[in-house]
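As annotated by TrEMBL, domain 'Ig-like' applies to 130-233, 240-319, 328-418. The transmembrane segment annotation in TrEMBL covers 545-567. Annotated compositional bias 'Basic and acidic residues' per TrEMBL: 600-610, in sequence order. Here TrEMBL flags 600-626 as region 'Disordered'.
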Amino acid sequence: MAAVNALSSAQQTVLSYVCRSHAALQTFEQPPSYTEVNPDSDVKLVCKIYNKRGHCSWQKDNKPVGMYPKKYEWAGSQEQGDCSIWIRNATLNFDDGLWECQVTASEFTTGDALTSPPAKLVVRVAPQTPRIEFNGSHVLPGRNVSVRVGNSAVVKCISRFGNPPANIRWLLGSEDITAQANQTNATEEDNHRLFVATSYVRISANKDLHRQPLRCVAMHESHSTKSQDAEVRLDVHYPPEVSLTGTPTSDLEENVDRVLLACKADANPPAAVFWEATDRGNELVSSQETLQFLPVTRKNAGRYTCRAKNEVGFSPPVTVYLDVKYSPRVVTIEPRVRTTTVRLGSSVSFNCTAEGNPEPSFQWLQRMPTSQDTVIIRGSQAELVVHNVTYEHQGEYVCKVTNVIGGTERSEQSESVSVQVKGAPQVLRSSAAREVSVLRGQDAHLKMVVCADPKPTRVQWHWGSLAVDSGANSGRFQAEELLQEEREDCYEAKLHVRSADLVDARTYHLTVDNDRGTDTHMVLLAVRGEHEARASPKPVSMTTLLSVASGCLLLLLLLVLLSVYAVRREKCCFARRGDFRPADLERLDRAKTKRLGNHEFDIRSEKSDVDSTSGKKTPRIDGSNNTVVGIGPDHHYGMGLDHQSPLPAHHRIPQHITAGGSPEAMKARSSLISF
């Protein structure tokens, strides 16, 4: 037990010694650290020891340093653990390097000697002005770094003979692109205490970067401005792009407007501009930026392409179309003869060719040979074909071509082509009234226009059984000689009926002959009595007309019913009484026929007159020899009147009245009427 206690005491003594020893160990409270100083300036290297018991010393670049007044001096109290020193008038050669703070052991047995990690003391040396290199060559400030668009440029910035090495930053325009750069530092070959800083940056060239400044900024504390820089400009080479000015915005009129086109090229290096005529196989028309036509003509019309070229390539083409407007002009007209003769009823064609821009429209105009120079539009195409030619197609024909330039109509007419129509006579239906109406006792004037070439050989008015040749008269009827109308080969035929009576109301025919044929047309003469003249019709409303019509229908229906009733009643009466039979009616009819036997000729004559009004052939009695001449049927063309009932219902003459009958016939009619 005593031995155990003795061992325990010894262990306690050793433990107590060890604890006291550890409690007395010295350690770094603040070791020296990286420090920079400007040349010829003082700098303090801090080194503080906790529980310092040894002696302080310093070592530079693994060599001990002694304390020298005004060079190396203690900066604090070593007894209090401050081993810091002052370095006076720091210089690169003597003071720049790695410094270590050392403390000897407190006792030889403790082993607590201290050596700090090397701390770099940098005696600053301002680096040279940075410079920029490209493709191994120094680029002078303000000069260019040339690179083709789409390529990358690797630009190098070098800052030499600095201590410490400069920190290099890059600015492209106003943008900091340092993050895209890579910097390396190395000692100078001839002075290992100085450094060269090298930074590389890669720039992808595009057109927008052209002429942008690129700056290399070397940051260093030794400079009064803390930095120095070098600047160059990016010279981005790109192919040309062209833009066009002066493109016309309105119609260009030949020999009036001027054209000045300017083709501007955006390119680096500058491009050569040239103009080509696309429509002429890309013919070179100008090697200048401007293309001008003073004034412009139709020969200048077409597509023009502007292009530019430099060492990088060609520009995309820019095309402009010059649409030169010019007034229309008739080039040819067919037939080429000034006068053409056409057979009546045949066809004739005309053809007109013209030039103009815009494409002209066509009109064929017929100038009628009248004092008013009436003009008729016959067609609106380049070709005009007239079928079934009539005398109304006779006249001067011209081709009129028209277009519009700048909102103004421009036109030209060709020389005229005269059309002469030859053939049978033709009564112009359009010139004849369908009906001529006069009061009883007034003179009636019937007229028609007839055209014929050759001139008519016979012109005759006829009605019923009577006929009057042109220039002759018969009683109250007078046919004038043909009167030349203002239209060529056209004549006016007139028939005058003096003191027109009701018996004169009928259809009158005009027949015209020449050696080519015959034509006939008719006109209706309506003679109104005095009571008709006095009964001036008044406008009747549609409501009144409908009411009257409804009343008439009801009245007619009532009369029909009464008639049916009366007939049935009469038959019944005849059957009952037996005093009158239908056979008695037949005997009565035969008795009347015998008494009228002497008047059958007049009835037949009247029938002939009626037939003549309905268009049937009627014998004509010539006044000279009383021969019977047949009258041909009416001939019609184009717009002629169709055969129709010659008189309206209220103008029809009773069948027993015949115009121009003999006195004997009139007496027979009177006896018939009295009968």
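Glycine is treated like the rest: Cβ placed from N, Cα and C.
Please treat TrEMBL annotations as automatic predictions, because they have not gone through curation.
Note on the domain 'Ig-like' (130-233): its mean pLDDT in the predicted model is 95. For the domain 'Ig-like' (240-319), the DSSP-based tally of helix, strand and coil residues reads 6 helix, 43 strand, 31 coil. Residue counts for the domain 'Ig-like' (130-233) under DSSP (helix as H, G, I; strand as E, B; rest coil) come to 6 helix, 63 strand, 35 coil. Sorting the domain 'Ig-like' (328-418) by DSSP state (H, G, I as helix; E, B as strand; all else coil) yields 3 helix, 57 strand, 31 coil.
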